[in-house]
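Take a look at the following structure, please.
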Amino acid sequence: MGQPSRPSPSPLVQPTPSHNDIEKGSKRPRHKSKIPPPPPPKPWKPWFTPLVFVANTSVFIYTMYVNDCPHTSGTSKCILYEYLGRYSFQRFKENPLLGPSYITLKTLGGLDWTQVVEEKEYWRLFSCMWLHAGLVHLLINMLSLLGLGIRLEHEFGFVRIGPLYMISGFGGSLTSVLSLARKSIVSVGASGALFGLLGSMLSELITNWSNYTNKCSALSTMLLIICLNLAIGFLPRVDNSAHIGGFVSGLLAGFVLLMRPQYGYISSKHVPEGYQIKHKVAKHQVHQYVLFGISLVLLITG
């Protein structure tokens, strides 16, 4: 999805006469001057998103190493044993996503209701974000990560996107473990964090509304993508509670972390010497502060 275009602010300004002009009574040429538009923000170099990609891939390889299907299940019950050996997959009947066994995922930190709630193993709320049920699961999530994460990190940098990713992942895990339907299922994957990135794109569009030209088109496209992705959560074996929790967490975090100056605002450092801004525009609008405050309170208390 292409990013909606944004106009470059260039309010009319009037240069102030110098001291020499006033003394000599010289007249300034009568013409309207414009402040040159501020330079476009330099895009951030993404490194958090590639790092998460490498971490998830490495953890999956380690998971398959620990799983050791030939040793635990027998070579006849492993898929692609001839080519992958120890890293071969469990049979489709046990794991249709080409991955390890249920026991391996649970041992390495999968989100299990009993162990989190009754055994107080709260670290699983974070560890499950780095595990994947299978190769198919990993590929889908990593493609989504690169598509969403790099775009956001280019624009806002790792300082904002890193915390947003972790908050969304934690929110998805928390919602999943609070769902009574998850008591007998181990939940894994970065889907909660990825839906958080999707939610943050919506909140970024809303809070920075004045910066967009094709507002209705951008909003309708974004809502369509969100609805399609949430609909996937109703398929069998998919943890939609984590998707919803991650989406809501990312939506709120986006209002806090992705707020930008409104259209028309020019920082004083971009105003040439001797010029005065005729109509000064406030840095942020009232609704941005309101959404920031409400979202921050909900994130802290929720």
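Backbone N, Cα and C define each Cβ position, glycine as well.
Sharing the features that TrEMBL gives for it:
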type	residues	note
COMPBIAS	1-14	compositional bias 'Pro residues'
DOMAIN	120-259	domain 'Peptidase S54 rhomboid'
REGION	1-41	region 'Disordered'
TRANSMEM	47-65	transmembrane segment
TRANSMEM	129-150	transmembrane segment
TRANSMEM	162-181	transmembrane segment
TRANSMEM	187-206	transmembrane segment
TRANSMEM	218-235	transmembrane segment
TRANSMEM	241-259	transmembrane segment
Report the mean pLDDT of the predicted model across the domain 'Peptidase S54 rhomboid' (120-259), rounded to a whole number.
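Taking every residue in the domain 'Peptidase S54 rhomboid' (120-259) and averaging pLDDT yields 86.
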Counting by DSSP secondary structure, give me helix, strand and coil numbers for the domain 'Peptidase S54 rhomboid' (120-259).
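Helix, strand, coil within the domain 'Peptidase S54 rhomboid' (120-259): 109 helix, 2 strand, 29 coil.
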